[in-house]
């Protein structure tokens, strides 16, 4: 019989008792009637006598909204007393099923403090049989999805579950939810314990449970463990589906195992499991991270052929990859295809294309895209403006760059150090050193910390302007402010010192760079060898070059660069001596040195000497002195 509990109250209505003769009589004042015991409230009305469906979820208990509202209206500290008073007033107790259902309320999902307080209070009810596993799972789900995941609280709850080993067999579906919640928080130790617990309890994991476990392990970077679970899964009746493969491929992408991702992709097709857009996107991410940009393009074409929807991020990977390869026009074609298929381009797509056009010195296309982006209703962000200012600076349009820079400051666009670095570099290369220095000072005043690129731009400007003392002072300031010197810093400063004939200081700088373990680039050695050759110390340059070989540094064009420098300076005798020394020590093949020398003389404008070399045996022929054979030296060109 239906008995709505809401009719209970503690009112003072009198109760009549009947004698054996049926005569009503009042109870004695000294013997008040005892209150009935509190009733356990379930989340759904019991209408078993009215319908064949017991506990029909379409008939929720009227107590459910009242209890949830009370919890939400209370403070965590006062909630226990509020709930106790409420239940005492209406002679009710909340059953484990009611507690579990209440914790699933969407209203409590964003109040983990209240959910936890409600959970703890419920367990204190008299004769409470203990929480169901569903209640633990619901609470862990709330705690794991909050902004500040409370891992310590979750660990406490897992410890309580472990202490009650009989929970799992009664609720295998709840165990799957538990695996999902723990996986999302990255609590791998607890996740693997639940997995073992299921196995020991004889609970066969479902496909969803396997996939949740794989996802949790992959998100925590335990890809090897995920791989073992995947292999164990294949040995059971539960077969991996497209979600299983997608999760594992995502894991391979995270740890850079592109070939394994490709192998799994091919395995899917062999097993007649059709890859979806997520599969392709994960595999494209693998190839992109590995620098295999062409493969991203191939996969996008394959998606088109199969009629799959290409996500915006997939297009972004293809466009970005083509731009990294210096192919902005091909990237532009992909953008047009993207728009034709109804996929709207975003700010990042336009920005990477603008940057690529700018780097290829195609300012017109970069500015055209910038205008098109605004016409499409997209608002450029600080990255886009930074790219455009850098583009204008490289195109030597400093007035336009400064105009746009002022526009950004006046229109609340966040200006950063990159803006200043581009402008400093632009003004420095244009020879406007004072303007570049003014921007550097302004940047520091506004609280921006200059990086190596910014310092290098100003040092280069000072060096090219012959203000080498200021360049050296800036070099020391970098060190004092904890900014790392790069190989480029040493290169430009050495070049400036050599131009001012401060050869010993330049050599000290080179030795400092080597001592700090900074690997010289071909450009760094070129600056050093050029300075030494022009100061008549080409043998010293050759010696340093020999010292680099054991370090695994062998600039391919080093000898060619030195000969070119000497010939360009009109020092043909020294060039010939260097060429003879290179051949004499076996550093280069004679024929190659001869070709280098011919080209260097021609570029230096000495066509007569170059023509004479072409029609001689110098470098490759020999003179005989009796039984002795000696190579014809380059210096004979100048003696004859």
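Note that Cβ sites are derived from N, Cα and C of the backbone, with glycine treated the same way.
Quick look at what TrEMBL lists:
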- 171-205: repeat 'PPR' (REPEAT)
- 206-240: repeat 'PPR' (REPEAT)
- 241-275: repeat 'PPR' (REPEAT)
- 276-310: repeat 'PPR' (REPEAT)
- 311-345: repeat 'PPR' (REPEAT)
- 346-380: repeat 'PPR' (REPEAT)
- 381-415: repeat 'PPR' (REPEAT)
- 416-450: repeat 'PPR' (REPEAT)
- 451-485: repeat 'PPR' (REPEAT)
- 486-520: repeat 'PPR' (REPEAT)
- 521-555: repeat 'PPR' (REPEAT)
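Same-chain residues lying 6 or more positions outside the repeat 'PPR' (486-520) and placing a CB less than 8 Å from one of its CB atoms are 452, 455-456, 459-460, 462-464, 466, 468, 471-472, 475, 478, 527-528, 530-532, 534-535, 537, 544, 548, 551, 553. Counting same-chain residues at least six beyond the ends of the repeat 'PPR' (276-310), those with a Cβ under 8 angstroms from any Cβ of the stretch are 242, 245-246, 249-250, 252-253, 256-258, 261-262, 265, 268, 317-318, 320-322, 324-325, 334, 338, 341, 343. Here the repeat 'PPR' (241-275) has a mean pLDDT of 93 out of 100. Non-local neighbours of the repeat 'PPR' (416-450) in the same chain are 382, 385-386, 389-390, 392-394, 396, 398, 401-402, 405, 408, 457-458, 460-462, 464-465, 467, 481, 483; each lies 6+ residues outside the stretch with a CB under 8 Å from one of its CB atoms. For the repeat 'PPR' (381-415), the list of distant contacts is 347, 350-351, 354-355, 357-358, 361, 363, 366-367, 370, 373, 422-423, 425-427, 429-430, 432: same-chain residues at least six beyond its ends, Cβ to Cβ under 8 Å.
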